[in-house]
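Visitor: There's a structure below that I have some questions on.
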Amino acid sequence: MHSKPSRLPFSLALRLTFFISLSTILAFIAFTWFMLHSVEKHFAEQDVSDLQQISTTLSRILQSPADPDEKKVSKIKESIASYRNVALLLLNPRGEVLYSSAQGAALRPAVNSADFSEHSRARDVFLWTVEDTARAMDTGSGMKMETYRIIASSGQATFQGKQQNYVMLTGLSINFHLHYLDALKKNLIAIAVVISLLIVLIIRIAVRQGHLPLRNVSNAIKNITSENLDARLEPTRVPIELEQLVISFNHMIGKIEDVFTRQANFSADIAHEIRTPITNLVTQTEIALSQDRTQKELEDVLYSSLEEYNRMTKMVSDMLFLAQADNNQLIPDRVRFDLQSQNSLKVFRVFSEALGPKETPILLLKFNGMPCLVEGDPQMFRRAINNLLSNALRYTPEGQAITVSIREQESFFDLVIENPGKPIPEEHLSRLFDRFYRVDPSRQRKGEGSGIGLAIVKSIVEAHHGRVQVESDVHSTRFILSVPRLEKMIPDTQCWE
């Protein structure tokens, strides 16, 4: 069954362009809407003000008792003429027309609307749209719609020689305003489309230019290969947003370079370590075959070859052990035990007895007898301590003592193995636990050490969530093996076998 390939995420440049453009366009749309709304509101306020002023003026003219009808009509026409697109309709209570301007008939249907009485009592302004039949006939085009703002008022006036009630509808055509708003809206939409395209283009260019340092960093990273792992990026030459990325990348490259260097040295060292016993075996065999040998001589050659085979076997076993540690396959059997129990002390006593009383240094144990509870694999701990003691023995001058002590820390027990001898230069201390690393620049093997004993110690300690470190001064060298401590005695506590 074939799995569907996952869709690649959008590029960072596309995302930035989209979101910035969208934000800018939405802001422009909001500004356009606000401007249209402001213009429309201004027109409405202006129309209402004009209608209220016209209605007040006309009511004053109608309610003047001294003026005859003709004079009132004349004043009404003069008042209307001073405004543009004003329609007036004057009705008596029976609905008969007392006076109508040229466009007054368009207001007649508004009287029959359901909300007219309410608008009339409140004297508020309302909208009314009618079909402009006259204008459609004049222009010969389709039916036109005329929209008015209307204010209705009522009162009593002397008209046609008698006092009578009237209803006055004053309307102001707003088609001019509506046409202006419609044209403004279309123009703004066209401008918005053009500006939006320009915004997207400008932002795209700006984002691409802004990503130039990122592309430069990417190109610089592409140029780093296994042949120039010493190359580093300059954090001071990139924007502050990329500074931490460059620092982290340099740190990663430093680790990779260190791994490559160690791998190269490891390959050379293991080749040297294996070549030496193989060369010895070949040489011994060639010498043995160069002439007739007695049985005793042949046995000596075989015993010598067996020693070389054992040394190679131990080296291969150690390398397999380290390979397990590298692949996180080194899983210790965890049991609880006391570092200072009698069975635990046997590890050191057996080693001390094996040293002999004269020609080797003395092993001193400085334990306080208090419980030192830890959890781990006793066999692995034995191997780590044996490696440290063997290393201390190798570099301790004749007749001087190796000291083993335990120090209590807040959450660790420190097992300290200290031996006198020449101080180790500080620049070598951090590399002592590397495989086949030697303080001697010639990197030649001396004695019986394989060069990976301390590396095994480090792997064992780290598998137990501990740490190992080394200190050196003019008096002595101290290897400190720190193991997590248990807080209290556990009933099933075991000891080293």
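Cβ atoms are placed via backbone N, Cα and C, with glycine included.
Given the structure is predicted, the values throughout are model-derived calculations rather than measurements.
Sharing the record's features from Swiss-Prot:
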type: DOMAIN; residues: 208-261; note: domain 'HAMP'
type: DOMAIN; residues: 269-487; note: domain 'Histidine kinase'
type: MOD_RES; residues: His272; note: phosphohistidine
type: TOPO_DOM; residues: 1-15; note: topological domain 'Cytoplasmic'
type: TOPO_DOM; residues: 37-186; note: topological domain 'Periplasmic'
type: TOPO_DOM; residues: 208-497; note: topological domain 'Cytoplasmic'
type: TRANSMEM; residues: 16-36; note: transmembrane segment
type: TRANSMEM; residues: 187-207; note: transmembrane segment
Visitor: With DSSP as the reference, give the number of residues of the domain 'HAMP' (208-261) in helix, strand and coil.
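Guide: The breakdown for the domain 'HAMP' (208-261) reads 39 helix, 0 strand, 15 coil.
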Visitor: Going by DSSP, give the three-state secondary structure for the residue listed as 'phosphohistidine'.
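Guide: Looking at the DSSP assignment, the residue listed as 'phosphohistidine' belongs to a helix.
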Visitor: Roughly where does the topological domain 'Cytoplasmic' (208-497) sit in mean pLDDT, to the nearest integer?
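Guide: Mean pLDDT for the topological domain 'Cytoplasmic' (208-497): 80.
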Visitor: Go ahead and report the DSSP secondary structure tallies for the topological domain 'Periplasmic' (37-186): helix first, then strand, then coil.
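Guide: Going through the topological domain 'Periplasmic' (37-186) residue by residue, I get 73 helix, 46 strand, 31 coil.
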